[in-house]
Amino acid sequence: MAHSAIAKVSVAVPVTNESSVKGSTFKTYSVSFGSKSWAPGYALDLKSNNLRLRKQSVVCMSVQQTATPKVAVSPLALEDVKEPPMHVYKAKEPYTGTIVSVERVVGPKAPGETCHIVIDHGGNVPYWEGQSYGVIPPGENPKKPGKPHNVRLYSIASTRYGDHFDGKTATLCVRRAVYYDPETGKEDPSKMGVCSNFLCDSKPGDKVQIAGPSGKVMLLPEDPNATHIMIATGTGVAPYRGYLRRMFMEDVPTYKFKGLAWLFLGVANTDSLLYDDEFTKYLKDHPDNFRYDTALSREHKNKKGGKMYVQDKIEEYSDEIFKLLDNGAHIYFCGLKGMMPGIQDTIKRVAEERGESWDEKLSQLKKNQQWHVEVY
């Protein structure tokens, strides 16, 4: 009988057990945690709050796969609040936050520019996953001379602990809004989006006026065994990044996700994919709890040979999706307003092909609080 070969791989194992970590002394190395994955072979120093790494001894073990260790977060008191924070700061009296970083997060072939913007709120404007911040760009409202600009809402793309895991930052995923004259084909700066351009052009240290948080419709249910079907176009992926970091990246003692998260992301092409490195990592580390499907309209074809949009992916997996909804799954839609008619038409057609009344089903999903929509 042939024996199958077992691959030997080097994995990092701490010298001390977990209970003794706090009392140990480590040589530490600074590391920057942005939207990128960190290098394997190191783990967080639990003794420290300032994101440092400690060395580990390396032993040889037979393993199938090693998942990235989860990240310690603080302050855990953010878990104690029973109701989501709402309108801590109003638009008339906003909080002055500080830009920490601005990073372009799409490739050179992406149509348009999308930026990952981290804002320091000092722990003063707490929020929950799925909520939004209002941003008031500097300057005067051209329609109301002497008055500030109207507030612009942006879905928050981080968990309540922020990208630095300390509860003091919030992340926005912003596409720069530009306008091209249909006759000349040239960009018209007079019609560009005031707030998105302000945010994408901002530099570390710049001040930003924020209001909020607001919104309850996209809040992540706390049931750790729930199924979440998340459908996004473009920057509509923002709230889902927060959900998925909470589920798969952060070590929150009171929230251990054991359900299923299924993300459908529709963008133009590979260069337009947002946070793909994070999502791909979750897929590798948590294959039983995460699914990830993309619809690249300029690269993929649907079954009829046309451009592949997110609704085509939904149709492709419609049997599974309907079964999950029948078993209590939550379904979320976030992105441009224009995404919904195509999606609704597709779902309605699929329901009718299954002999179901979509109007009745939709009414039931809304009644059960399984249906969550945030479009702009």
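Each residue, glycine too, has its Cβ placed from N, Cα and C.
TrEMBL annotations:
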- Ser155, Arg175, Thr235, Ser297, Arg298, Lys307, Gly335, Leu336, Glu374: NADP(+) binding site (BINDING)
- 92-220: domain 'FAD-binding FR-type' (DOMAIN)
Within 10 A of the CB of Gly335 (NADP(+) binding site), the number of other CB atoms across every chain shown is 25
Within the domain 'FAD-binding FR-type' (92-220), residues counted as helix, strand or coil by DSSP: 11 helix, 51 strand, 67 coil
Take the Cβ of Ser155 (NADP(+) binding site) and count every other Cβ within 10 Å, whichever protein chain it belongs to. 25
In this predicted model, the domain 'FAD-binding FR-type' (92-220) has a mean pLDDT of 94
If you tally other C-beta atoms within 10 angstroms for each of the binding-site residues Thr235, Arg298, Glu374, the top scorer is Thr235
Pairwise C-alpha maximum, in angstrom, for the residues (Ser155, Arg175, Thr235, Ser297, Arg298, Lys307, Gly335, Leu336, Glu374) that bind NADP(+) according to the record: 27
